[in-house]
Each structure stands twice: as C-alpha cells, then as structure tokens.
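*Asks:* Okay, so Swiss-Prot annotates it like this:
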- 30-50: transmembrane segment (TRANSMEM)
- 57-77: transmembrane segment (TRANSMEM)
- 101-121: transmembrane segment (TRANSMEM)
- 140-160: transmembrane segment (TRANSMEM)
- 167-187: transmembrane segment (TRANSMEM)
- 230-250: transmembrane segment (TRANSMEM)
- 262-282: transmembrane segment (TRANSMEM)
Amino acid sequence: MLLLHYFNLSHFQVNDHFYPHMRNFLYGETAFYVADTINMMFYIWVLFSAQQFHFNFTLVSGTQYVIHFFDNLAIIVMRLHSLLGFTDDFDIGSNVVFNGAMTFSVYCIVAAMCSLPFSILERCFATRYLKDYEANSRAYISYALVFLLNFIGIIGAILLQNKNNTIFVVAFLMILNLFALLTNQFLRTWNLKKYEECHSNVSIRFQRGGKYSLAKRFQISENIKSLHMLNFIILYMGFMNVCLVISVLFSSFDISPERQAICSLALDASIFFYSFAIPQIMTCFCHKWKVQTNTFRIRIGCLRTGKVNLEPLRDTFGGDMRGSVSMNRYFDQLQDSWENA
C-alpha cells in the first residue's frame, strides 16, 4: 500500500531523541490543516456567491476546492489517529480508520491533480460553443467533467493500493498536465486570433459564416481572461506540482522512516502552498472575488468602511483602461453589431 502523509512515530520514539520535537511539529501541522480547511470553506463560499465565472467553470473549479477541503479532513483524521496513539506502526494494515483516511486522501490527490486539466477542457467547450455558451449553460458538460474527474480519482486510489502502480499513475498525471498546458496555449492563441478579427474593420465574420455578435465577442473576451488566469496558475504552480508528484513517487519505494518523513513533509508543503496560493491568484484576476472578500473583511472588522479603494477599469488582457476609452470601445462594438445585424 502507498503510504502518504505518514510519519512512523513509533520508530522515532525508539530510535531518535527528536521525537518530542516531531510530535510538536505534527501538532502544529495539524493546526495548519485546520486553518487551511477554514480557508477552503471561505473560498468555496466566495466562488459560488460571487458568480464570477460561467456555471460550468464554477462547478469544475468548485470541485477542486471541495476535494481540497475533504482531503484536509482526511489528513486531520490521520494525524489525530497517530498522535493520540491509535495507530499501530508495526502493523499499519490493521488500522482500519487510518487506512481508510489515507486511501481517501490518495483519491483526493489524484483527483486534484486532474482538476486543472479539466478546467481547461471546460474552456474547450466554451470555445467550441462561442455563439450561445453564455445563454445556454449546457450544465451537462460540467456534470460529465466532475463525474469523470471523480472516476479517475477513484481508479487512481484503487490502483495505488499496490504501490508498484505508482509510476504509471504518476506518468498519467504528468502527461495529462502537460497536455493541459499545450491545450491552454492553443486555446489562448485561437481566442486571441478571433478577438483581433472581431475588432478588425477588415474581417467581421467567421470563416464559415455567421457574424461576431456581442454574445460571441463577450465569450471570446471571457475565454481570454480565464485562460490567462489558468496559464498563470499552471506556470506558477508547476514547480509545486512537480514536488508533489516526486514525493508521491518516492513514497512508493522501500525507504527508511526518515526518508518517508521527508517525502511526507514535501507532500504536505506542496499541498499547503497549492491550496493557499490558488485562491489568492484567482482573487487577483477576479474583481467580484475582491468585492466579496472585502465585504467579509468589513463585516468582521478587518477593513475600515471609510477607505474606498478604486479599482481601475481593465481591458480583456487585464491592463488598465481609461473610462472614456472603455466607453468608446463599447459603443463602437455596439454600432458594428447593429450595422451588421
């Protein structure tokens, strides 16, 4: 069985005088997991209440947050089970609660590693159905993606019951994320091309007919914004994903308890950084998220209501934009759409 988030406390208690410090470290780490769980609960609320994104993108992204939330709960159960002396480190297979929590955590890790590629896959559908994707949500797309994401997580958890399968699961996850990176670049290039076409006086039609209506222009702009955010997340979090995958891979080897502890520490650090950083990155790109977080901070007294922070207008690419330019561009688009209707 693949052992993740595992510290052999019995070994350190017998062979290492740093055992008291390790127990204190694990108690502190458990407190961090509790804080991270509260953080996940808050941003799950922000994600669904702010309604920044299309329903399908919100549901797929929300699944990632929910997975992190339940993964934290599973790890907290594992930590308390071990720290309170219920775990038999000499016969780890006999611990039903501990093994159940670890298996669930393995499912969460595999599913979480698939969530970003599935978010990009949802943008493929948004690009395919430019004409009416905003008006016709096609909720079955997100339902199917969430089902497939969880199915892959379950299959991964089953396969990793035999740690000899770890290399195959890791290879699949790395290839999937590499494919997602390439797909994201392709979608960005394609949407940028269409964006330039729909703002050009020369070409105002798709090659196969049909006009660049306001709905299509809006969807193209939304695709560019979300893909830019996803690209930033992929590049920024790529190093953490590599650390996470490597720690999982090394945990599958027959290594000493000390090295197992190092792998678990690297895995935990990657998850902490991942779960704390992604909401912050998304907040930087999402105006409604900033409004929701500031409103909450005002309610709890962490932000004064007297100070008003003016948010500059942003164009499709996230740059500052003067109000007059923004208004003129909007009416130019409206006039072009009216003339070509």
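Yeah, the Cβs are placed from backbone N, Cα and C, and that goes for glycine too.
On a predicted model such as this, the values are computed, not experimentally measured, just so you know.
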*Asks:* Please give the sequence-distant neighbours of the transmembrane segment (140-160): residues at least 6 beyond its ends with Cβ less than 8 Å from one of its Cβ atoms.
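*Replies:* Sequence-remote neighbours of the transmembrane segment (140-160) are 1-2, 55-57, 59-60, 63, 67, 103-104, 106-108, 110-111, 114-115, 118, 121-122, 125, 166, 168-169.
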*Asks:* List, by number or range, the same-chain residues at least 6 past the transmembrane segment (167-187) whose CB is under 8 A from its CB atoms?
*Replies:* 110, 113-114, 116-117, 120-121, 123-124, 127, 156, 159-160, 223, 227, 230-231, 234, 241, 245, 248-249, 252
